[in-house]
Amino acid sequence: MKDKLVMLIILDGYGINPRKEGNAIEAANKPNIDRFMREYPNTIVRTSGMDVGLPDGQMGNSEVGHTNIGAGRIVYQELTRITKSIQDGDFFEKKEFLDAAENCRKHNSKLHLFGLLSDGGVHSHNTHLYGLLEFAKRQNLKDVYVHCFFDGRDVPPDSAMGYVEELENKIREIGVGEIATVMGRYYAMDRDNRWERVKLAYDAMVLGRGNQAQSAKEAVAESYKRQEFDEFVKPTVIMKNGSPVATVGENDSIIFFNFRPDRAREITRAFTEVNFSGFEREKGYFPVFFVCMTQYDKTFENVVVAFKPESLENTFGEYISKKGLRQLRIAETEKYAHVTFFFNGGVEAVYEGEDRILINSPKVATYDLKPEMSAYEVTDKVLECINKKEYDVIILNYANPDMVGHTGVFEAAKAAIEAIDECLGKVVPAVLEQNGVVLITADHGNSEQMIDYETGGPFTAHTTNPVPLIVIGLGDVKLREGRLADLAPTMLDILGFEKPKEMTGESLIVK
């Protein structure tokens, strides 16, 4: 092993909120974190808006956060890229969209637009859907159908009605489109191989099977009566004259307007894989012209990608690998992609000297039922790795403050913070025993605001709050405030390396 171990611990969803009410972090009994904040140099780091390549005022998220941390520069996110493309007009000339329209003309088939209907900006943005409706209008397409996935996580849990109304107004204004199905993201956007959920979403869109309603608004109202809010709205088929408005059929075109890959993959596979094993498709495989807004998975066949990835050279992981350092990435399932794929700038490749450990997330319906998640198992494993003395750098993510924060259950979020505090109480001393340095930070906020300050209802989304950075084991250094892009240069500074020219972030250690 080289001179010292440098460990970055990302407390996912752990923000700083000056307000005490609804603040699960403030309410939690966390003696270790409190002591670290008292005894070691710390500062605040910005995680939202233009600081991470998002539009002003847009909350950060785990994908964006880890990409910025690993890149050591502000990375302009897909959301910003696509919005800019609509504003500049090149969106309407995209070859992939034009080919989808041409496919509809050639086969006299339908165009289906589906994705998350919200302005949360984490997985999608409704303005991109409006851009596609405008595109369809310009292409003179008549049979255009929208399949709405409701959010309730990155926006308030009961806000679907407003998004539906806005969409219906846009459809009237633009003069094209009709809502064919609605459903919660719980079904259409699973990422944990819970294929029984995905099947219900697929069957609604392909077979016209599921709950029925005469309009999207009626579907929402009926669902709320059953106490099933946006995320959990059961796949519902909109009916007209006794039959579904539209179903997806052979040679139809589909544009999936979600830009974040992780929750878009499963439903995409159901539509595009010839030999699909997730569940039995009653109609089997049939060809469709499928456009992914961004690259969901480079191994996917039978899809085209509208906004192809822009490569990031010399991310932190790649750079220290070239320098001959050994690194470990460790997290539980929910955040494993974030400390690997996203941290490496959207690259699947594992670098030389990079090891990865995945600890399974617990199989529970919602994480408020098990707020500790798999933190203890992650901790046991990372302690084992620290004690082996094989690594120069360890990147660890604790998922709890974010995943439990998303449930909106205050007591559970508090318990989640207490669980990770207990874990930090073991991990930090283990690193210090080896004269190592620990950086504790977060990728964005969540658990520090569990209530909506305007309505008093539960708040399940991320926040725009800054996050802490605590530097332990480096003596009494002076730190300045910064943004997530400054973390990789800070770690390189501690490791004694010049940062590569591609990294525009700056070390937060004041010399």
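Quick reminder: no glycine exception, Cβ is built from N, Cα and C everywhere.
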Among HIS66, HIS107, HIS112, HIS123, which residue does Swiss-Prot name as a further substrate binder in the site formed by ARG153, ASP154, ARG185, ARG191, ARG260, PRO261, ASP262, ARG263, LYS335? HIS123
Close in space, distant in sequence - ARG263 (substrate binding site), Cβ under 8 Å, 6 or more apart: HIS123, ARG185, MET189, ASP190, ARG191
What other residues of this chain sit with their CB within 8 A of the center of the CB atoms of ASP12, SER62, ASP443, HIS444, the recorded Mn(2+) 2 site? ILE10, GLY13, THR47, GLY60, ASN61, GLY65, HIS66, LYS335, HIS338, ASP402, ALA442, ASN446, HIS462
Could you state the CA-to-CA distance between HIS444 (Mn(2+) 2 binding site) and PRO261 (substrate binding site) to the nearest Å? 19
Please report the Cα separation of PRO261 (substrate binding site) and ASP12 (Mn(2+) 2 binding site) in Å, rounded to an integer. 19
Taking the Cβ of ASP402 (Mn(2+) 1 binding site) as centre, how many other Cβ atoms lie within 10 Å? 31
8 Å Cβ shell about ASP402, HIS406, HIS462 centroid, Mn(2+) 1 site members excluded: ASP12, GLY13, ASN61, SER62, ARG153, PRO401, MET403, GLY405, HIS444, ASN446, SER447, THR460, ALA461
For the binding-site residues listed here (ASP12, ASP154), which one has the lowest count of neighbouring CB atoms within 10 Å of its own CB? ASP154
Taking Cα atoms as reference points, rank the binding-site residues ASP12, SER62, ASP154, ASP443 by distance from HIS462 (Mn(2+) 1 binding site) and give the first. ASP154
